[in-house]
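Enquirer: The following block contains the structure, expressed as C-alpha cells.
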Amino acid sequence: MERLASFGNDPFDKPPCRGCSSYLTEPYVKCAECGPPPFLLCLQCFTRGFEYKKHQSDHTYEIMTSDFPVLDPNWTAQEEMALLEAVMDCGFGNWQDVANQMCTKSKEECEKHYMKHFINNPLFASTLLNLKQAEEAQHNETAIPFHPADDPPRPTFDSLLSRDMAGYMPARARLSSRSFDNYAEWDLRDIDFVEDDSDILHALKIAVVDIYHSRFKREKTAGRKKIIRDHGLINLRKFQILERRYPKEVQDLYETMRRFARILGPVEHDKFIESHALEFELRREIKRLQEYRAAGITNFCSARTYDHLKKTRDEERLKRTMLSEVLQYIQDSSACQQWLSRQADIDSGPTPAAPIPSNSGRRSAPPLNLTGLPGTEKLNEKEKELCQMVRLVPGAYLEYKAALVNECNKQGGLRLAQARALIKIDVNKTRKIYDFLIREGYITKA
C-alpha cells in the first residue's frame with residue numbers, strides 16, 4: 001500500500017516542494033540526478049532555476065504526471081492506480097463501493113476493466129514468469145574475468161616525472177607523504193636555548209620558532225594534497241593540452257582563475273571556464289552574423305561566398321606594396337609625378353589641400369544627392385557636406401571612418417600613407433576624408 005500511495009493524486013501523500021514547501025500537484029518536476037530522497041520541485045520553482053546544496057539548475061529532470069493512458073485509452077494512469085487502491089480497500093467483488101471511492105467510473109466499468117486487464121490478461125502472467133527467470137539468472141552469473149594491469153610507473157621522489165605528477169605514487173594510488181615544505185626544520189635545527197642568552201638573542205630565537213610554526217600551519221591549512229586530488233592535477237601535460245583547445249581570450253581567463261581554484265570546487269571551476277568559453281563562442285558567432293547582416297546577406301549560401309571573397313581581398317591587400325601603387329601610374333608621366341609629389345608632402349607634414357589643375361578640360365562632377373541613401377540619418381551636417389563633395393555614399397563613408405578610427409586607436413596616430421593603405425579608393429578622396437577626420441578630431445596625426 002505504501003508503494004501505491006506514492007503514486008496517488010493526494011498532494012499530502014507526496015513530499016513538499018523543496019523550493020517553496022508547497023504541496024505538489026501534477027504536473028511537477030523530479031530531479032533525475034539527486035536523491036534519495038527524491039528532489040521534487042513545483043513548476044514555479046523549476047522555471048526560476050531553484051538550486052539547493054548539491055542540486056543545480058542544469059541537472060536532468062523528469063516531468064511527473066499520470067494524465068496519460070496505460071492499458072486502456074479511456075483510463076488514465078491516475079485512474080488505474082485509484083482502481084487498484086479501491087480494490088485493496090474495499091475488497092475484490094465489491095464493485096459498488098469501488099465505484100463510489102473512485103467517483104469517476106461506474107460499477108460496470110470498474111468490474112469490466114479490472115477483469116479484462118488484471119485478471120484475464122496474459123501479459124501479467126508472462127511478466128511474472130520473466131521476473132522469476134531474471135531473479136534466478138542473477139544467482140547464476142559467471143565470474144567476471146580479470147586481467148593483470150600494466151605495471152604502474154614508480155618514479156623517485158626527486159625525479160622530473162615525480163614533480164610533473166605532483167608527488168603521486170601510482171603503485172600505491174596516493175600522494176607522497178613528504179611535505180611540500182620538507183626542509184622547514186633546517187632553519188631551527190641548530191637553535192639552542194641557554195640561560196645566558198641576551199634578551200635580543202632570546203627574542204630572535206623565539207621569532208624563528210614562530211616562523212616555523214606559521215609555515216607548518218600554512219602547510220596544513222593550505223590543503224595542497226586535497227586540491228591536487230580533487231582537481232586531478234596529476235598529469236600537468238594533460239592540462240596544458242586541454243588549455244590549448246581554448247581561444248586566447250579564454251586561455252587568459254583560465255590563467256587568471258587558476259589561483260581561485262582552491263576556493264571553488266573542481267566541478268564549479270570547470271563550469272565557470274566552460275561557460276565563459278561558450279559565451280565567447282556565442283559573441284563571436286553573433287558578431288559574424290551581424291557582419292553578414294550589415295553586408296546584406298540573408299542566407300548561409302551567400303555567406304560562404306562572402307567569406308571566400310573576403311579572404312581573397314585580404315590576401316591581395318597583404319600582397320600590395322608601394323611598388324604596386326607606383327605601377328598603376330607608370331604609363332602616365334603626369335599622374336606618376338603627382339603621386340610622387342603627394343608622397344613627398346606626406347613626409348614633409350600636413351599642407352593645405354590645393355586643387356590640382358586638370359589638363360583634361362572636363363567639368364567637375366555635381367554634388368551627390370544623398371536623399372534616400374541608407375546611412376544618411378547617421379551623418380551630421382559636415383559629414384553630409386563631405387559626402388556630397390567627394391561623391392561618396394554614406395554607408396561607404398561610415399565604413400572608411402570606422403576603419404581609420406580603429407587603426408588610429410591601435411597605433412596611437414595615423415599617417416596619410418597608412419590611410420591610403422587601408423582605403424583603396426581614389427587617393428584624392430582619401431586625402432579629403434583624412435584631412436576632414438583630423439580637422440573634426442576623430443583621429444590624430446602620427
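Cβ coordinates come from backbone N, Cα and C, glycine included.
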Enquirer: Per Swiss-Prot, which of 119-128, 159-168, 179-188, 429-438 is DNA-binding region?
Expert: 429-438
Enquirer: From the ranges 12-69, 360-417, pick the one that Swiss-Prot records as zinc finger.
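Expert: Range annotated as zinc finger by Swiss-Prot: 12-69.
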Enquirer: Per-residue pLDDT averaged over the domain 'SANT' (70-122) comes to what?
Expert: 84
Enquirer: Nearest to Cys42 (Zn(2+) 1 binding site) in three-dimensional space, by Cα, is which of the binding-site residues Cys31, His55, His59?
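Expert: The answer is Cys31.
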Enquirer: So, in DSSP terms, is Cys45 (Zn(2+) 1 binding site) helix, strand, or coil?
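Expert: In the DSSP reduction, Cys45 (Zn(2+) 1 binding site) maps to helix.
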Enquirer: Please report how many Å separate the Cα atom of His59 (Zn(2+) 2 binding site) from that of Cys17 (Zn(2+) 1 binding site), as a whole number.
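Expert: Given the Cα positions, His59 (Zn(2+) 2 binding site) is 17 Å from Cys17 (Zn(2+) 1 binding site).
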